Amino acid sequence: MDNNELKKKIIELKEKRNAVIVAHNYQVDEVQEIADVVGDSFALSKYCASVDINTIVFCGVHFMAESAKILSPEKTVLLPEIDAGCPMADMVTAEGLIEMRKRHPGAVVVCYINSSAEVKAESDICCTSSNAIDIVKKIKEKDIIFAPDQNLANFVAKQVPDKNIIPWNGFCITHHKIKAEDVLKIKEIYKDSLLLVHPECKPEIVELADFAGSTKQIIDYATESKHENFIIGTEMGVLFKLKKQNPNKTFYLMSQGLLCPNMKKTSLQSVYNSLNDMKYEINVDEDIRVRAKNALDRMLELS
Ligand code: CIZ
Ligand code: SF4
């Protein structure tokens with residue numbers, strides 16, 4: 001089947017299954033095009049919980065579909081590509097976090113949404129890249145274990161210097177490999193552009209940027225800005241929405257390496273297969289789900 005045929009079949013199947021398709025900002029263009037909603041992981045999970053529909057096709061990576069299931073246990077959550085994981089989320093385990101907590105008694109454990117349900121269950125509170133600074137500011141305790149992203153931890157520590165942030169040593173394989181010398185070169189080429197980066201980049205890259213924020217914050221910043229040219233320092237999938245919302249502005253990717261192989265696994269064919277065969281269903285053990293949901297609920301209370 002070609003793409004047009006696939007799109008038609010997907011729409012038919014979606015109605016038949018009473019399903020909704022959600023896609024992360026890092027998905028390939030054609031998957032974003034057929035999705036009912038495109039956004040960041042937490043916004044999508046909240047949307048999934050709010051819709052009166054029983055099947056969700058989550059075009060993203062494993063922890064995102066899991067977060068949707070944590071908030072919507074009564075719904076069927078499908079991940080089209082079962083091997084689409086997040087290497088950063090896999091860098092921390094529940095056991096590891098329990099060990100770290102023992103070494104820092106009294107510290108509050110904050111986990112980035114890029115983590116497994118088991119890790120969320122062992123955490124006191126979750127955060128996203130949009131609200132990490134805000135959440136940390138509102139925690140009363142001084143000592144805060146922050147997992148798994150060392151770069152986001154560093155970013156938060158700089159903005160909230162009165163806290164003692166104890167970072168886990170994880171990182172995003174896509175954002176972490178970008179080198180400052182390459183960023184300096186592209187800044188030199190596109191001198192009149194603003195540099196917008198994700199805080200999953202290394203601190204020296206964030207230092208070079210005009211703005212650092214989540215995918216949503218980057219998209220909103222560029223859309224609201226009077227500026228016309230931007231260098232974008234996050235996964236290339238965001239260019240789809242940036243260009244769609246801003247047809248008269250110009251966007252350059254900070255590095256051709258800004259591609260998440262796991263996010264790129266989902267294709268129209270896999271979305272079609274997902275709806276046709278009702279696969280791959282994501283489930284979370286009820287005890288873990290309830291504890292993980294507590295961490296997400298606490299984030300909502302504080303943000
Ligand atoms: O929470 C998300 O969706 C991620 C992984 C990134 C972002 O900035 O939106
Ligand atoms: Fe994980 Fe990085 Fe891919 Fe996001 S871009 S899903 S953090 S590997």
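Placed from the backbone N, Cα and C atoms, the Cβ positions cover glycine too.
Owing to the predicted nature of the structure, the values given are computational and were not obtained by experimental measurement.
Annotated in TrEMBL:
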type    : residues                                                 : note
BINDING : H24, S41, Y112, I113, N114, S129, H198, P199, E200, T215 : iminosuccinate binding site
BINDING : C86, C172, C260                                          : [4Fe-4S] cluster binding site
Extra residues within 8 Å (Cβ to Cβ centroid of C86, C172, C260), [4Fe-4S] cluster:
V61, P87, M88, A89, N114, I173, T174, H175, E200, E235, N262, M263
So which binding-site residues out of C86, C172, C260 end up within 10 angstroms of E200 (iminosuccinate binding site), measuring C-alpha to C-alpha?
C172
Measure from the CA atom of C86 ([4Fe-4S] cluster binding site) to the CA atom of N114 (iminosuccinate binding site) and give the result in Å, rounded to a whole number.
7
State the three-class DSSP label for Y112 (iminosuccinate binding site), counting H, G and I as helix, E and B as strand, and everything else as coil.
strand
Residue among binding-site residues H24, H198 with least C-beta crowding, 10 angstrom cut-off:
H24
Among the binding-site residues H24, C86, Y112, C172, H198, C260, which have a Cβ atom lying under 6 Å from any atom of ligand 2?
C86, C172, C260
Relative to the Cβ of C86 ([4Fe-4S] cluster binding site), which residues of the same chain, six or more apart in sequence, are found under 8 Å away?
V61, H62, F63, N114, C172, N262
